[in-house]
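Participant: From Swiss-Prot, for reference:
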| type | residues | note |
| --- | --- | --- |
| BINDING | Cys66, Cys70, Cys73 | [4Fe-4S] cluster binding site |
| BINDING | Cys110, Cys141, Cys201, Arg274 | [2Fe-2S] cluster binding site |
| COMPBIAS | 312-350 | compositional bias 'Basic and acidic residues' |
| DOMAIN | 51-270 | domain 'Radical SAM core' |
| REGION | 310-356 | region 'Disordered' |
Amino acid sequence: MNTIDLPSLAQATPTIRHDWTREEAAAIYYAPFMDLMFRAATIHRQSFDPNKVQCNQLLNVKTGGCAEDCGYCGQSAHHHTDLPASKLMAPADVIESAKAAKAGGATRYCMGAAWRSPKDRDMAPVIEMVKGVKALGMEACVTLGMLSDDQAKQLADAGLDYYNHNLDTSEEFYPSVVKTRTYGDRLNTLHKVQDAGIKVCCGGILGLGEKPTDRVEMLRTLANLAKHPESVPINLLIPIEGTPISLTATPVDPIAFVRTIALARIMMPLSDVRLAAGRTAMSDEMQTLCFLAGANSIFIGDTLLTTPNPGDNKDRSLFDRLGLEPRDDHGVHEHSSHSHTHDQGHDHGPHGHSHG
């Protein structure tokens, strides 16, 4: 099964790398499951409290009518779904929603707009939202599609903490999912965001019809960026009627999903790894294995954009049974170790999942 020796786990601090090979990443993914879980859990404990989970809440601030053709997304104007397009919400309404999220235990508030890219006139209300969320003492995250350098700078100047922009899958499989933009377009926006000094939230979706090698390659692409994404959301596809991928989606083996979480944790030791969309389709036992494998972040609340979420009562029950607690941010055993190389699903924007 595994022909490459796994490195020793003896080191007390995680090794941050940006030069993973296909062979190394595949060897980790396909390692005997017990060895994989032990390695991931050990690396997780080197930087994080394994009993603390970071909690986010997501709000769709502009729904539907998106010009992109992402094959899984209910918000695309290219697909025949029942989702009506809406205008951008008023900043005051968004901030009221953020207050409720904070009262419910969220430390980060994520705002998604279904755009290919924001128009310059849209930036002022979005910046007002960001500043309002920050004034509540919460971290702010937005996903707005592709950005210009100036738009990224405006968001950074407003104090934005995170920008979500998912790769979704591997570069090879990507054209089977999206045709209105390229993988390079996605990477280009990530670079603009990082250059502006904003932390990156970037992950993908499992269940699009991809092969295991596509999952490995997506994570390898992220792990080989000059700076790892501070947050890596892993989504389980919830097929949406009327989208092309709902006709071709393939169920994901729960063990394969857990392997993907473990690989993300091992290759990006200081990043938050998030169980994003699709938790309603996961058993408590599957989610528990994900937490053991290094997932340390979730979305709370009843909905994520256009898909359901377990809701606070169900999450509270699972946390109680596992002895988990919401993390009082900010971060890794004080997140101080992020600074040395790293500074750390939701495309809630043009996508119909949480992708954050």
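Glycine is treated like the rest: Cβ placed from N, Cα and C.
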Participant: Average pLDDT across the domain 'Radical SAM core' (51-270)?
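Facilitator: That stretch averages a pLDDT of 89.
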Participant: Have a look around Cys110 ([2Fe-2S] cluster binding site) and count the other CB atoms within 10 A of its CB, chains all included.
Facilitator: 33
